[in-house]
Amino acid sequence: MRRYGKHTDEDDIRSRPNRKGNRPRTHIRPKHEDAAEGMVLTVDRGRLTCLVGDRTVMAMKARELGRKAAVVGDRVAIVGDLSGRKDTLARIVRIAERTSVLRRTADDDDPYERVVVANADQLAVVTALADPEPRPRLIDRCLVAAYDGGLSPLLVLTKSDLAPPDKLLELYGDLDIPYVVTSRAELESGEAADRVREHLDGRVTAFVGHSGVGKTTLVNALVPEERRRTTGHVNAVTGRGRHTTTSALALPLSGADGWVIDTPGVRSFGLAHVDPSRVIHAFPDLEPGTEGCPRACSHDEPDCALDAWVAEGNADPARLYSLRRLLATRERPEDD
Ligand SMILES: Nc1nc2c(ncn2[C@@H]2O[C@H](COP(=O)(O)OP(=O)(O)OP(=O)(O)O)[C@@H](O)[C@H]2O)c(=O)[nH]1
Ligand SMILES: [Zn+2]
């Protein structure tokens, strides 16, 4: 587990202007040097379920954190009652700097981004090949969110017993995204879980998908039996029914080292927050070609230097085409 930058939050506090001219509060504020490290597993109405060592501890955010919200996957410093006993409530006093952030906006006009998951290494985009029909635009939007937030994408194509994956795979071929195709028979034999697991070992993977694609079925095959989720079933971690939570939920991977973060089914994935310059980091073969771009280039406009640079033979035109297709998902309405 990563160490915490001890002074991050204290520095914020110190630099805050002392408007009322009274005693600076920093002198009386405890530094919490004895705080334990934990990871946020789920959030429900301001209550955060955290893993501290091998204990599950309920906590709330300390007032000194201000408006900064802790989300699933956050590494936190936690003080107070860490016994994990019923009806105890610890306090989260620091949130460590995040290595990645999966963000979404409720829709494209919504200026407020929500961090859905912190510190995930990978985003598994689960898509059914049929029933429901694949929605490439939604996949593209998830990929943009992954690239923007610093997660590497993984495509999981389910229900190959109902339709072949070829067309969809062709669409993503130039993006070089790792993928797994699964069927009902492979789910039943355990082979589906085994093949997906190979991509998850040693990593924290957030799973997203439209409702009905088989995400729950798959996640259940990847986590210990007592952690499995079913509709209407009470969740072992939160003690609440599945439908009462809108938060993501981190679950330990069984049979390998890693975490599976299940997220609520998405219908849309707002991208108002996306910065094209962060997306292009995921295209290292194209990035050098942006040197001649105008400032704050969207890389999807007439002055973009990438066209000429690619035409000179510096990179594969198919890659630029794929990048543009992804970037364009930010400008079009979501459901088509
Ligand atoms: N034919 C077929 N059906 C599958 C497969 N995987 C899952 N299903 C079925 O698809 C339906 C939806 O699966 P869920 O796992 O509940 O889907 P979900 O993505 O979690 O959807 P929500 O629960 O609505 O979020 C269920 O009836 C599953 O049995 C598959 O590989 N092939
Ligand atoms: Zn450009």
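From the backbone N, Cα and C atoms, a Cβ is placed for every residue, glycine too.
The feature compositional bias 'Basic and acidic residues' is assigned by TrEMBL to 1-15. Summarising the annotation, TrEMBL assigns region 'Disordered' to 1-34. According to TrEMBL, the compositional bias 'Basic residues' annotation covers 16-30. The annotation domain 'CP-type G' is assigned in TrEMBL to 99-269. TrEMBL lists 118-267 with the feature domain 'EngC GTPase'. Under the heading GTP binding site, TrEMBL lists Thr158, Lys159, Ser160, Asp161, Gly209, His210, Ser211, Gly212, Val213, Gly214, Lys215, Thr216, Thr217. Per TrEMBL, Zn(2+) binding site is recorded for Cys293, Cys297, His299, Cys304.
Shown here: features listed in TrEMBL, placed on the structure.
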| residue | record | DSSP class |
| --- | --- | --- |
| Thr158 | GTP binding site | strand |
| Gly209 | GTP binding site | strand |
| Lys215 | GTP binding site | helix |
| Cys293 | Zn(2+) binding site | coil |
| His299 | Zn(2+) binding site | coil |
| Cys304 | Zn(2+) binding site | coil |
Original post:
GTP site residues Thr158, Lys159, Ser160, Asp161, Gly209, His210, Ser211, Gly212, Val213, Gly214, Lys215, Thr216, Thr217: biggest Cα-Cα distance, Å?
Top reply: 19
**OP:** For the domain 'EngC GTPase' (118-267), give the DSSP counts of helix residues, strand residues and coil residues.
**Re:** 52 helix, 36 strand, 62 coil
Subject >> Contacting binding-site residues for ligand 1, chosen from Ser160, Lys215, Cys304 when the Cβ sits under 6 angstroms of any of its atoms >> reply: Lys215
Original post:
Which one of these binding-site residues, Thr158, Ser211, Thr217, has the sparsest Cβ neighbourhood, judged by other Cβ atoms within 10 angstroms?
Top reply: Ser211
Original post:
Mean pLDDT for the domain 'EngC GTPase' (118-267), as a whole number?
Top reply: 88
Original post:
Whole-number Å distance between the CA of Thr158 (GTP binding site) and the CA of Cys304 (Zn(2+) binding site)?
Top reply: 37
Original post:
Which chain-mates of Cys293 (Zn(2+) binding site) that are at least 6 residues away have a CB under 8 A from its CB, listed by sequence?
Top reply: His299, Asp303, Cys304, Ala305, Leu306
**OP:** Pick the one among the binding-site residues Val213, Cys304 whose Cβ has the fewest other Cβ atoms within 10 Å in this structure.
**Re:** Cys304
Subject >> Alpha-carbon spacing, Cys297 (Zn(2+) binding site) to Ser160 (GTP binding site), which is rounded to whole Å >> reply: 40
Original post:
Within 10 Å of the Cβ of Gly209 (GTP binding site), how many other Cβ atoms are there?
Top reply: 27
Original post:
Looking only at Lys215, His299, the binding-site residues on record, which one has the least crowded Cβ, with the fewest other Cβ atoms within 10 Å?
Top reply: His299
**OP:** Using all protein chains in view, find how many other C-beta atoms are within 10 Å of the C-beta of Cys297 (Zn(2+) binding site).
**Re:** 17
Original post:
Do you know which of the binding-site residues Gly209, Lys215, Cys293, Cys297, His299, Cys304 end up with C-beta under 6 Å from ligand 2?
Top reply: Cys293, Cys297, His299, Cys304
Original post:
10 Å Cβ neighbour count around Ser160 (GTP binding site)?
Top reply: 18
Subject >> Cβ within 8 Å of the mean position of the Cβ atoms of Cys293, Cys297, His299, Cys304: remaining residues of the chain near Zn(2+) >> reply: Pro276, Thr290, Pro294, Ser298, Asp300, Glu301, Asp303, Ala305, Leu306
